[in-house]
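First up is the structure itself, then whatever we jot down about it.
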Amino acid sequence: MKIQDRSLLIFLVLGILKSDAFNTRVKRHAPIRFQRSTRQSVVHFEFLDQEYVVDLEPNHSTFHENFKVFTQDGPQIVPRDEYIGTVREPRAGRAVLTQLEENVYIGSLYFVDDTLHLEPSYPHQLSDDLGPVVGYFESDLDLNLDLSAMPVRNQVSFRRANPFLKHRRAIAIPSDRRKDVLNVKRNRCTLKLVADYSFYSIFGKNNTGIVTKFLVNMIARVNEIYTPINWDVGKEDDISGRGRFQNMGFSIKEIKVLDRPNASDSHYNSYSRIWEVERLLREFAFAEGSKDFCLVHLVTARTFREVATLGLAYVSYKKWDETAGGICSKQETFNGRVAYINVLLSTSFANSEQSTYPLITKEIDIVVSHEYGHAWGATHDPTIDSDDPDVEECSPNDQNGGKYLMSQYAQKGYDANNVLFSPCSRKLIRDVLIGKWESCFQEEMTSFCGNGIVEDGEECDNGVDTDNEFNCCDKFCRLAVGAKCSPLNHICCTPTCQFHNSTHVCLPGDSLLCKADAVCNGFSGECPSAPPVRDGQECLEGGECLNGVCLPFCEKMSIGKKSCICEDLELSCRLCCRDYNGTCAPVPGHVYLRDGVRCSKGSCRDRKCVNEVVDNVRNYFLITFQTTGGVLEFIKTHIVVIAIIFFTLIFVGIYKIVKYGENFTEKVTHKTAGGCRSVFVKADVN
């Protein structure tokens, strides 16, 4: 699909589905055994014979300040058990967790080289109870979805040197400009999430609280993808009085849980009907679209008539006078019915010709992030075989960095561009943000003393701890008398509020990441950077350590090349390296990539590259021409415009006929008067 097609409706379609569901897609998984902690702000669990320790703090930024939960019976009170945190052991990372019940958490742990997902086992029929949680690493997945939109090395923020020191990162803007750059504060697209009865009954186990926690954790994970992105890269000189478009994400303003099906067969919450996805989204827009939200999202667990469809969204345009759709959409009228089409939908159930099965956490993140991206204005980068003038810049070959994140084809991430947005994608979303952020984006929930983050004006912050296990920090976020630090904020701090000595290991080493143990310095609460292990030591995926960095296999000193993916489909599933002259070729020995690893146009299966994810694209206006009723609806909706065009064409036609007649008369008059040596010139009516 070419970028100039300016598509407005995006289908995220699963091209190839496997029938053995969870165990096929997750090659290695294990139950999680959570351990009770004596401190509310710490969670312990075991996974694959390793102990994980995560320090938690409340996750406020995912919520709007007026957050509410409704069912069909009215407003509900649901406790907030959502957290972000820092992984302390076995290695540094960042966590997004939600507590389903006591000592039961779901969410994701983001490490520099992998992500650990924790999710309930009951949707996959691995258990009938709420309690059992299954864990798996992304590296053990064999998915049929594009993995390129997920957090990778350059998109997830880590503080490896000091995972306990959680100072909020502020955008560097002079204080005299802060009051003039509202978008630095108004950085959240407010959401209304509507969970229909299918999602409520299947994923929520008929419990409003569980549904709410599922949805909040989902948006928190999506924010981990969006908020690190700087949409103004290369355009900082054009900011002109506003702040940088960074830390732009989502906040939930309202959750609506439909705890029983609607009796009307035409209602979007009808449980018996099998919907066409376009019709479902349209009915949802009539019922729930609203100017009070940036986006309104239908979350369902139903399948559709269109096999393998997982989501549908309207793409946003940068100007209000252009076609409505996506974020901050204006009001539209269809056949006398008013609707706001700032709507999208996603399902948590995959449907193939062979079977249906629930998506895993990773797949849900991809579907939702993909649809939100289109709602923000992103389309696909042009394909290499297109005639788009931007194809060279936005879809470079492997020799020039590889395909970008918004490529139509999945990428593993070997090339530099695989984790970046192309100039085309950045421009599209940036243009939409420039035109619309001020109309419907709102301020991220503000911080305060007690959120576990050491911010400007604070010396410490005990966060959610309410016990008196540590008396280093008072309720005003000031250090107690005689205290030098707080162990809840500084890893090199003892329980007696003093600095650890210079032999205390504050960050265990990880040989696979080429890092040795980091030790405290004895005069600071911060943990110094971890020193490197010896050069030449083996690290991840057959790589080699050099100056504390894990070089990929192809970049080992003994090989001296670059990692790449062979573009030739016949060679794409072999281990390839790029020579200094730019040629990407397989390494000797016929070394093949394992199943599930990304290749040039999808992922490898049985040593072949299989094309997996396709976005079927249609223009929004074409929806109404699908049927005869759609044509009549379109005519009724746009009758004034059609009438103007019709009469304009008639007027132009009459004008042309009159002008032709006048010109013909002039020529005849001039010819017949020539013998009398007189010339009759007819006045030009023009």
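Using the three backbone atoms N, Cα and C, a Cβ is placed for every residue, glycine included.
Under the heading domain 'Peptidase M12B', Swiss-Prot lists 187-445.
The domain 'Disintegrin' annotation in Swiss-Prot covers 446-535 and is backed by sequence analysis.
Asn59 (N-linked glycosylation site) falls outside any helix or strand according to DSSP and counts as coil. The N-linked glycosylation site feature in Swiss-Prot is assigned to Asn59 (among others); the stated evidence is sequence analysis.
What Swiss-Prot records for Asn206 (among others) is N-linked glycosylation site, and it gives sequence analysis as the kind of evidence. Around the Cβ of Asn206 (N-linked glycosylation site), a 10 Å sphere holds 12 further Cβ atoms from the protein chains shown. Look at Asn206 (N-linked glycosylation site): DSSP puts it in coil.
What Swiss-Prot records for Asn262 (among others) is N-linked glycosylation site. In sequence order, Tyr197, Tyr268, Asn269, Ser270, Tyr271 are the residues near Asn262 (N-linked glycosylation site), counting only same-chain partners six or more apart with C-beta under 8 A.
According to DSSP, Asn501 (N-linked glycosylation site) sits in a coil region rather than a helix or strand. In sequence order, Cys520, Gly522 are the residues near Asn501 (N-linked glycosylation site), counting only same-chain partners six or more apart with C-beta under 8 A. Positions annotated as N-linked glycosylation site by Swiss-Prot: Asn501 (among others).
The N-linked glycosylation site annotation in Swiss-Prot covers Asn581 (among others). Look at Asn581 (N-linked glycosylation site): DSSP puts it in coil. The Cβ neighbour count for Asn581 (N-linked glycosylation site), using a 10 Å radius and every protein chain shown, is 6.
What Swiss-Prot lists as signal peptide is 1-21, and the listing cites sequence analysis.
Taken from Swiss-Prot, the feature topological domain 'Extracellular' applies to 178-637.
Over the topological domain 'Extracellular' (178-637) the predicted model carries a mean pLDDT of 80. In the three-state DSSP reading, Asn262 (N-linked glycosylation site) counts as coil. The two recorded residues, Asn581 (N-linked glycosylation site) and Asn59 (N-linked glycosylation site), have Cα atoms 49 Å apart. Mapped onto DSSP classes, the domain 'Disintegrin' (446-535) shows 3 helix, 12 strand, 75 coil. Neighbours of Asn59 (N-linked glycosylation site), defined as other CB atoms within 10 A of its CB across all chains, total 24.
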